[in-house]
Each structure stands twice: as structure tokens, then as C-alpha cells.
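> Next up is a structure, given as C-alpha cells.
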């Protein structure tokens, strides 16, 4: 009977996204000769989104008839369209080759566009130019001395030499000065093997030193539980300082002192309180800033890397999982311009130690309600669950999918319950009344599109914690373009200036009625954006709030227009969009998270409760005779209450589809094997269906993908594209009736849906690193 | 001793810059009894007047205001000079005069004052720390009542600055970078103070004491401590910076051509 589980191991790892774009999207530099041959200097015209402009048809039940071919946002590159720089190129002569490079490039960018690597420490394409390491010195014809390529704009006809004797001598001189004070502790340095200084000293370093001076020593700084500092190794590139001030929006880091006594530090001892502070570990070109949890655990050449995606929040960051001997050693970001660029949040990066603790690795059965759970065989456990499915009437079967559930397992769960006449399949999403409208529960603007917005309204969200990288994008928009941001919700620091309009429903109603002054700002904007946190729907008056949001959204014409959907929800979990796409029932409110209370749809107390990684069960509302099955990977609250525990796989151990907050379906990859007897989640459900006598009509991963394509084609194509909702459908779905009346709770303030950024799910709750972060940072 | 002690290395390596030997130790703040985030800080009315004057000089933008970090740090340092009133400064020749208010060299900038400046200018605290640690004339640790800045750059050194230093160290029982136990004197070695002709010299708070000998500097310190009148400027018979031949140049108004008379040029 385990044949179904063991047959056809899911070895269908998706080929990783190859994205080697180093600089800008759009036109890459091409050699002139090629350019002349093909005259392909101009970037390819971006394909326009195929917007559906037909009037929406409604079927008999009143639902919109959706077009078979959904319009796709794939291929649309706003930046390319808007930035005229991409169309213009100039000719520079690099190392004797005439090449076309983008106008406005610096020399280092120009060299990169034609594939010439210039060594650098301080220059980083996403940070401002500092020009203080001097490693990128190049020679320019007629210039009296070598110039820093990162700070020198390319001019037409400029003759640049990147490999001449002068350049070599200059770089050797710079390297000698850098190494004069750098300790020779590579054998005990965590950066060893992936260190820019180490690599470049192979090319430009001398095999002996000439200094007789003693090396300087610098005191280490305490930046918190994530970033380990060995400040003597610092070469003062200031990348960390620039990242902290420009991207993360924390001003605590700076350079103190001067000359040889200069240090990077905080002056007054202070931890780096940012949700994306871990990125300075990646940015540091030497071993001054390294990962504290990863310290001394592995060397880079021992690691096997698997390209995957993160599921600990709704952002869908692209990650690289580094493993050694079946153990996840660390998680690093992977470049994806549309989502996380090259950053990831600290939870994504550091919660991996939670994958090794509190794991469920064998099936467990509670022989008697008073007794503890006992280890059992898969056969006994699955048979018991199958019997319960057969014995319980459909109306008394309820299923709940948790925040880490993948689309395949939720689909199998839904099919299984439906086969036993149960419709009560819930998901842990407080999307509430707007759960039928994809335009409402996804981020219609797309993540990258947030940077197109010119007026932003936040509702009931603490964006810095719910989606730190989205917040960083918005911050960039505010700082570079002065976009106005207003918030109705918790008054929290967002790392940029915003107008706090209040935190009560009254302000939302004023906005919806058009009487609030900020309505003028929204109405005057070309691409306004309204971002709603799911905290808005976790209230008792969620229906009224949803109505008011709909009214607000439909009252501003520019919010929904061709090519721009300026309304969206910031989903905090990776399962949310997938669950709603599959038609799982959202919980009306967190208060209703008890069993059998969702929207009053279930009258009878549940006899069989199936928890798929669902840990927010309300024990008091669970009927005492209910049989609880918990399928998941961590021994969290859900497993403690269960009568049967079925061990599943975590996101690093399976190939699972997840849709992020913008509705982009991406797949995780299997980096390590599940521990012990744990299995792929959807296969467990498939096995139950077989034992219960109603086998699901798919046995392999291809089968379930086919089924997924039939149920939710936007999740199945695996192209990582976003299927945009057409403006007409969005308008029709969001239309409100003026006659609707709701009771509003004006006393309860709008709150964020998460209290503690560092602990939001079973994995991060089991992580000791996240526990120390909670201790250090959570307020 | 109140300030952190820093040993002066025997030989001058390139890391023993004035910044390190100037009594400031490392560039990391350490809380002490009189200098922590919770130490109260109030601007005096005179300081506030000066702050208004300085703020008016810079554009009223976030960046423009940050330009005022330097003068405001100096205002804080003027405010903390407690010894100025006790120095009975006696000009050594006609035409020289004593300052009627502290000029800033005798004070220090507490952490709380840096925070007050950051709040006043609406800039990150780190921006103020960066400026305060960059410049060696901002004293970030509590100083003694009298801050002796001994010049030991080449001309003074050639004229015996280290003899003066040894004399002070012996007399006060402290080394460079240290403060006496009673909190009266802090001794630091600094780079050129621009009185090379009258070397060797020390600056104590706002006043220069030049043409010192190992004996005269001891008397000077004793007089300061006792509150006796002290002669500012050359401690010998020298007038201004005149050499042994007296005045040899600029004896009469220089011949023309002069620069244009600006008062004759109409405004705009």
C-alpha cells in the first residue's frame, strides 16, 4: 500500500531560472561589429499585455465567465518602456575593441556590458557609488593617472585600457595597501573560498609583504544575533553602510574616525534592527561580516546548491539552498529582478535551523485520548485515517490547510474531501469576503510594479514586517521620486516618511466616501496603489471593511485601468494565493478559527478534522469526540492535539508549487530528503484516498499537475508568469451595491496581521536563531 | 583618572596619529558616569542664540541643516568649558586681549549633546557621530578642567617639546591622553597649532602659552590650578612673534597698488 507513496519519486526538479543579468534589464551592450551586422542596438520592443477588453459575461449563477486564455503579464518590462536611456548607446573603445554601451553608464558598467570584469570591492550595482576602494582603477588615454572606473562616466570615443601595465601596477599598489592591515586569518575565516579579497589577491597581490608596521586591530561590533563581525578584516568599502542607509533604511551603521583609525560601526553599541539586515553578509566582500548561525559550520566548496524558492512569507523570494550531507547549511538569495532582486529577508535566510528541530519523522497514533502519541507504521496510521474517512458523514468532515501548504497537497486534500462529500476545506487566509476575486486577494500591480505607483495608500498593514522587501521597494520609490504614501493602520516605523491618516474604520469610510483629503491625491495620480493587509479582514466587521475597500477602489478610476491594477492584498503566507485559487474557503476571521465556525457554513460539530500543517486550531471550539489528523512536518500546536500524525515534508524537501502574493506560481526544489519516514504531502493524501476506497485519479506528479492545470491553469504552467486579471473583470467583481449596510466597529483599531516578524509559522517557530531574534528585536 | 588611558607608543608608527593619541581612545562610545545616553543635556540661552545664528547660515533643507553639525558641536563644546571664568588671563603685551567667553577648546561634547544636535537638525544620530569622531578637536570624553594640548610637531619638537612633555608628565603624574585624579588637567599631544616661531608651546583651553621652558610650564600649571593670573602668549620677553632683531619688516603701510576699494563698488 505504500507503493503509491514510493512509486515515482518526485525527481522533476525544475531547471533553475538562469538569470545572469548583472546590470540593467533591457538592452545589453553588444560589440559594434555585431551591432552593425544585425543593427540590433535597439532593445526588442516589449510585447504589450493582451488585455481583455470584452464586456464581462455572467453565467446563470452570477459568476463571471472567464476567458480560456488568460492575459499574461509576462514579457512586459515597464522599465524598458519608460527609461529612454535604454534606447541610446555610445561607442567606447575598451582594450582596443570599439563597443557600444548604454549612454550614462559608468566605465565599470560599460566594461561589464561587454563582458570585461573589472575588479572591485566597494562598487555594487544596487548601491550608490562610493569610489573609495580604488580597486577598479583603469587607464584612460590622455588621462594623467589611472581613474576609478566605478565613478567615471563613459564618454563617446573614450579609449579605456583595463589590462595595461599602468593598470596592473595601480591595482597591485591598492591591493598592497589593503593587505597591509588585513589579517592573515583566511584559514579560520568563514569567507574563505568565496572572498573577493582572497580571489583578487591571487591576481594582484604580492607573495610577500613590504610593511614592517604592526597591523592595526579593530574591536568587533555586536550587530545582533544574525551578523557576526570580525572588524579587523574590514577594508572599509562601506557597502554595508550604504545598504543599511539606502535600502534597509536604518541609520545606525556608519563610518567613525578617520584615516588609518577609521572603523565601520555604530559608535554607541546598537544592534542592526532591520528585517533585511542579513544581506550585508552577502554584500561584504571580505570576512568582516559573516553569518553568525553559519559560523564555522561549512566551507563553500563542500556545499551542494539547489535553486529553490522561499515559502516562509508570501513574497516568494528566489533562494539558493546550500546543503551538505543531507542537511541544509545555509540559504542565500538568488537574483530575480521581478521579486526579490538580490535580497532576502532575515527570516528567509536564517530560519533554516528550524528545519532540523521539532521534526515529525514517523507516523504517530494516539491509542487513547488520555495517552501520549505512540510511533506507528505508515500502514496502521493510513488505514486508521482511511477508516475514519469512510465512517464519517461528509457534512462532519472538515479540512484545514496551513500557511506552508503547497498547491499540490491542497489540491489533493480538496479532492479527497470532495470525494467524501465534504465541502469544508478551509485555508488559513483571512481574505474574508473578497476571496472570490483574484484581483482582490493578489497584488494586482505586481511586486515590481509597486515602483510604478505614484500615490500609495496602505490599509491595516505594517509593510516593514509583513513584506520587508516590498517595503524596501516602496522606500526606494518614496526617496527617489517623492511618492506620497499614506496609511490607515498601525502607526509603525516604515523607514520612510508617510502620512498616518489614523487607525480606525472611520478614516477608511471617509476615504471610501471620497470625503477624505487623501482621495484627491489618489484621484490625481496616474498610477495610484492601494495595498491592503490581511489584518483588515481579521476583524469582526470584515464584511463591512471589504465593502468599504471595494467602494474606495471602484471610486478611483485610475486604480483599475488598462495595464494597471492598483489594488492588492499583501498576503503574509506562501499558501494563501494558491489556496484561494483552488477555491478553499477562507476563515472569516481569526476569532472564527475554531472548527466548524467558518461563516456559519457548518452547522454540525466536526467528527473528522484534517489539519494539513494547520497550527492555529482553537481547541476550545473543537468538539471533544472529534478525530483529529495532523499532517505536517513540525511538532507544533496542531500535532499535539492530533489523534494521528502523518509526517510530511518541508519546503526544502519536496517539489511543490507555491503562488506568491502577486499570484506568480513558482516551484520549490528538493534539496534534501525528508527526515525519517516523512513523505511528500500530496502522496500521503493520495494513499489515504486509495485505502479509503475512492482513489484520486492521479498517481504521479504529472497526473496531479494535469489535474492542477484543469482546476487552476494559472498555477500549473510552471512558467513563473503572472496571469493578470483584466480590468473589466476586476471592475465587475469589485462593484458594490450602494444599498448595502454594515455595522462597523470603530473602536477596534486596524492592526497588522503579524505581531512578530521572526516567528510566523512552524519552521520559524522551531528555529533557535529566530528565537534569539525575537528576544533581541521583537517589541 | 577619568578618561580612558591610551599608551603612547615608543616609536611613531603610522597608526599613532593624533586621533589616537588625543585622549579619545577608540572611536567607540563607552558609557561612563558622566557621559551616557541618559545624561541630561540642556542648551543654555547663549548657546541657543548661537545655534539660531548658525542655522540661519545654511539652507533649510534636510541636507542643508546637516551642514550645521560642525558649528553646533562646537557650541556644545563652548558650553561645557567650565574653566574659562577661572583663568585670569593677562595679555603679555599691548594689543593682545583675553577672550570674554569660552571659545570651545576647553570643553567636550557629551553623547547627550550629540543626540540633542541630531534631534534639532532632524538628521540621523550616526551623522553626528561621524563628524564628531572625524575631527580631533571635538573631545568626546570628559576632559579635565584644564585641557593641555601640547604641540609636538617638528618645529616644537626640535625646540624641545618633549622636554616640556616630560616636565608636565613628571609634575602631574599623568601620561598623554590621561586626566589627573582630581580632574584638573588633561594632557594630550596634538599636531601643529601654528605657533611655530614661538616654539615650544602648549594650548590650555583657549589660550596659547608660548616660548616655554620645562620650569616655566610647571609654574604655569601651578598658577592655573591656584587661580593666579597667568600671562598668555610668549612666556619670555618676546612681543608677538618678533625675532631677536625686533621688527624688521612691515614697518610702514605698504606701497600700492592696493586692491580695489570694495566700498566704491555698488551692490548688485
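Easy rule for this one: first residue shown is 1, then count along the chain.
Cβ atoms are placed via backbone N, Cα and C, with glycine included.
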> Pick from B:21-42, B:43-64: which range does TrEMBL record as region 'Disordered'?
B:21-42
> How many neighbouring Cβ atoms, not counting its own, are there within 10 Å of the Cβ of residue B:196 ([2Fe-2S] cluster binding site)?
18
> So how many other Cβ atoms are close to residue B:156 ([2Fe-2S] cluster binding site), meaning within 10 Å of its Cβ?
27
> I'd like to know which of these binding-site residues, B:151, B:192, is least surrounded, judged by other CB atoms within 10 A.
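Across B:151, B:192, these binding-site residues, the one with fewest Cβ atoms within 10 Å is B:192.
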> In DSSP terms, helix, strand or coil for residue B:196 ([2Fe-2S] cluster binding site)?
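Note: residue B:196 ([2Fe-2S] cluster binding site) is helical by DSSP.
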> When you average the Cβ positions of B:151, B:156, B:192, B:196 for the [2Fe-2S] cluster site, which other residues in that chain have a Cβ within 8 Å of that mean position?
B:152, B:153, B:154, B:155, B:157, B:161, B:191, B:193, B:194, B:195, B:199, B:200, B:201
> Could you break down the residues of the region 'Disordered' (B:235-268) into DSSP helix, strand and coil, giving a count for each?
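Secondary-structure breakdown of the region 'Disordered' (B:235-268): 3 helix, 2 strand, 29 coil.
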> Can you see whether DSSP assigns residue B:151 ([2Fe-2S] cluster binding site) to helix, strand or coil?
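Looking at the DSSP assignment, residue B:151 ([2Fe-2S] cluster binding site) belongs to a strand.
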